[in-house]
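**Student:** Below you will find the structure I want to go over with you.
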Amino acid sequence: MKAEQQHTPMMQQYLRLKAENPDILLFYRMGDFYELFYDDAKKASQLLDISLTKRGASAGEPIPMAGVPFHAVEGYLAKLVQLGESVAICEQVGDPATSKGPVERKVVRIVTPGTVTDEALLSERLDNLIAAIYHHNGKFGYATLDVTSGRFQLVEPQSEEAMAAELQRTSPRELLFPEDFEPVHLMTGRNGNRRRPVWEFELETAKQQLNQQFGTKDLVGFGVENAMLGLCAAGCLIQYVKDTQRTALPHIRALTYDRQDDSVILDAATRRNLELTQNLAGGSDNTLAAVLDRCATPMGSRMLKRWIHQPMRCITTREHRLDAIAELKEQALFSDIHPVVKQIGDIERILARLALRSARPRDLARLRHAMQQLPELAQTLSSLGNSHLKSLATAAAPMDDVCELLERAIKENPPVVIRDGGVIAEGYSADLDEWRDLADGATGYLEKLEEEERDRHGIDTLKVGYNNVHGFYIQVSRGQSHLVPPHYVRRQTLKNAERYIIPELKEHEDKVLNSKSKALAIEKQLWEELFDLLLPHLARLQELAAAVAQLDVLQNLAERADTLDYCRPNLTKDPVVHITAGRHPVVEQVTSDPFIANPIELNSQRKMLIITGPNMGGKSTYMRQTALIALMAHIGSYVPAESATIGSIDRIFTRIGASDDLASGRSTFMVEMTETANILHNATANSLVLMDEIGRGTSTYDGLSLAWASAHWLATQIGAMTLFATHYFELTELPNQLPHLANVHLDAVEHGDSIAFMHAVQEGAASKSYGLAVAGLAGVPKTVIKNARQKLSQLELLSAEGSQPKARTVDIANQLSLIPEPSEVEQALASIDPDDLTPRQALEALYRLKKML
């Protein structure tokens with residue numbers, strides 16, 4: 001006997017469905033619950049903190065079981081999706097009344113972290129991306145898809161560093177990778193990684209899948225036909241999404257090539273250090289996005305974050321945005337646009353659910369409400385003169401046909417789901433209205449029947465009622481049940497009453513129930529037909545949503561510029577960063593003290609600033625604010641300064657702060673050096689580089705040597721615009737030795753045992769570091785500070801005398817190297833081939849080697 005045949009028919013059905021979905025949790029509908037069995041039950045009980053019970057037996061052992069109520073399933077799904085789990089939803093599709101054996105069930109949808117579209121499972125102000133990654137010969141193909149909007153992009157990073165930066169930028173909720181993927185360390189620490197068969201990434205299969213999706217013969221029109229690695233990833237991705245959604249994907253209409261040359265490249269360390277959308281603790285407070293995002297709609301908020309993470313190099317695009325912001329700011333139109341756009345809401349995600357035919361009645365009611373706001377938006381935008389805003393206003397023009405259809409079709413306040421009807425408005429369908437009238441007319445008939453029966457038999461407690469179990473009934477109190485005539489048939493006995501049925505009432509019940517079920521069937525059919533009527537408008541609706549989202553971002557940036565006193569940056573192609581009275585956009589909002597604004601000047605004659613000054617003096621803030629102002633200028637935003645001229649930047653690098661990477665076995669110093677190596681290899685003359693405290697993780701001489709050499713290389717070989725903060729005062733000599741360098745410092749003033757930080761940037765090098773004063777502020781015991789001052793005096797005296805402490809002599813030139821470099825003699829010996837030498841040449845070589853010793 002097969003193992004499956006040892007189970008009940010219901011469990012046999014479960015095992016067949018589970019075999020089709022072996023790697024994900026299966027929610028198996030049984031009545032009012034979704035049940036899980038075996039290992040799924042054990043896993044779900046731990047993840048969801050629900051009870052683990054038992055049911056029946058398998059091979060003599062009870063079957064583990066856990067369940068969740070169907071009406072509360074969204075909350076449990078949300079928790080599982082947040083944990084990176086995927087769930088197959090199995091529903092009863094057969095009719096229990098006509099089924100022989102178990103009710104027919106099938107998996108109707110698969111919920112995965114990257115493909116969810118339900119509002120309850122999504123963060124409304126964050127993109128929800130699914131991605132696929134492919135690797136070949138050291139290069140990568142990477143595709144991302146936002147199922148909730150239809151945005152489908154691919155990119156081809158040329159190195160692991162670039163690939164890591166893309167993963168950091170996009171933060172996919174789900175990541176597909178082939179079974180033979182080698183650089184698996186890229187996925188360390190990520191939830192939602194999915195291993196897929198290698199054949200799903202085959203190029204020809206991918207092209208076939210994509211052409212089928214877009215209804216095209218080739219991909220030339222999308223400009224991606226030569227992106228072979230990216231297409232391999234995109235093909236796997238579209239197939240996976242089709243498999244999980246179990247439906248067509250009409251809202252995914254194009255695949256775009258995200259060319260990295262078009263944007264300012266930010267590596268993973270830079271995104272982390274600048275705290276763009278996530279702070280160093282992993283939260284969203286005190287980030288650039290937290291300050292800039294006052295968007296009226298979630299879709300506007302998501303677009304703004306995409307802009308922040310992908311600054312544009314194209315000056316024309318940025319000038320268009322700045323021109324639009326200028327007009328909205330000067331005319332204070334943002335205050336008029338904000339409330340109207342807020343009423344439009346997040347139609348982008350509603351349209352995705354419409355495309356997937358998973359939209360609910362209230363989705364379409366919200367879409368109707370959004371359509372009703374468009375005439376007012378058009379009126380508000382009618383006075384605009386800016387060409388970019390005019391084009392957005394045209395794209396967001398009213399769609400009267402869609403609005404009229406939704407107004408006719410959907411009730412004012414529809415229920416949450418279509419299941420029980422009551423969604424389609426009166427007057428939309430004469431057929432539906434007729435059956436509804438028949439069902440609703442029952443109320444008057446029942447009231448009349450109740451009154452007649454009560455008068456006819458003299459039973460004043462007689463009532464006509466209805467429940468789902470027994471249908472219609474006549475109820476009489478126990479005290480008057482003796483008055484009931486013989487043709488009353490008892491249906492139910494209660495504690496204080498009896499319930500009866502009569503032929504006339506039974507006949508009416510059959511008629512009413514039939515009319516209700518008929519009306520519900522017609523309503524569900526009309527609901528499906530409504531999708532068919534709306535889908536031809538999908539492309540136009542998506543364009544409208546994108547235009548409204550961009551209007552929202554622009555009005556938001558105009559409001560921020562006005563409220564926070566930002567200025568319009570002057571954009572130029574020259575490598576220059578000239579800022580007057582610049583401020584850190586985040587720090588100035590969270591500090592209780594007045595923020596000290598500072599200038600900066602970087603240009604072709606002043607490429608590097610050596611920044612010195614005390615800890616807590618503001619060096620890191622000064623560096624970060626420069627990078628953030630440059631980044632804001634590259635998204636087309638106003639900036640926190642009195643004035644700013646920002647040149648075209650190709651990359652922003654930061655080497656600020658570090659911590660041990662314990663998972664990879666890398667020390668603080670190793671992390672620091674890895675980031676430094678990345679900068680020295682990839683920076684160009686058009687890059688903005690922030691280097692903070694290079695070399696602090698090792699000995700003084702090692703650190704000083706590395707800091708000096710790094711600064712020297714950046715200045716002489718690369719010529720990048722560089723802010724180089726250091727505690728090594730020896731580096732302040734560099735501007736005296738090399739052109740295009742300058743010293744600046746942040747100062748402090750000591751008052752006895754206290755210290756006041758000025759936070760003002762001044763020309764020249766700092767005179768001292770104030771390290772002991774900072775230690776005192778931190779609470780280091782005064783005795784320790786006193787001993788430190790004595791030791792400092794001794795060291796300064798020895799340094800002035802030109803000697804080293806006798807306790808330990810450091811031979812700088814002969815430090816132990818992890819990879820010993822060959823001596824001059826060894827190099828000379830290695831270059832000699834004895835078999836090719838005459839006796840005379842051999843003797844001459846020996847004398848040369850002797851001289852080298």
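Cβ from N, Cα, C; glycine included.
So Swiss-Prot has the following annotated:
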type	residues	note
BINDING	Gly613, Pro614, Asn615, Met616, Gly617, Gly618, Lys619, Ser620	ATP binding site
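Context for these features, please: burial, neighbours, distances.
**Tutor:** Listed in sequence order, Ile596, Leu746, Phe757, His759, Val761 are the same-chain residues at least 6 apart in sequence whose CB falls under 8 Å from the CB of Gly618 (ATP binding site). For the recorded site, Gly618 (ATP binding site), the DSSP three-state label reads coil.
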**Student:** Including all protein chains displayed, how many Cβ atoms other than that of Ser620 (ATP binding site) lie within 10 Å of its Cβ?
**Tutor:** 20
**Student:** Using the recorded ATP site (Gly613, Pro614, Asn615, Met616, Gly617, Gly618, Lys619, Ser620) as reference, state which further residues of the same chain have their Cβ within 8 Å of the centre of those residues' Cβ atoms, listed in sequence order.
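**Tutor:** For the ATP site the neighbour list reads Leu746, Phe757.
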**Student:** Take the Cβ of Asn615 (ATP binding site) and count every other Cβ within 10 Å, whichever protein chain it belongs to.
**Tutor:** 19
**Student:** What three-state class does DSSP give Gly613 (ATP binding site)?
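**Tutor:** The three-state answer is coil.
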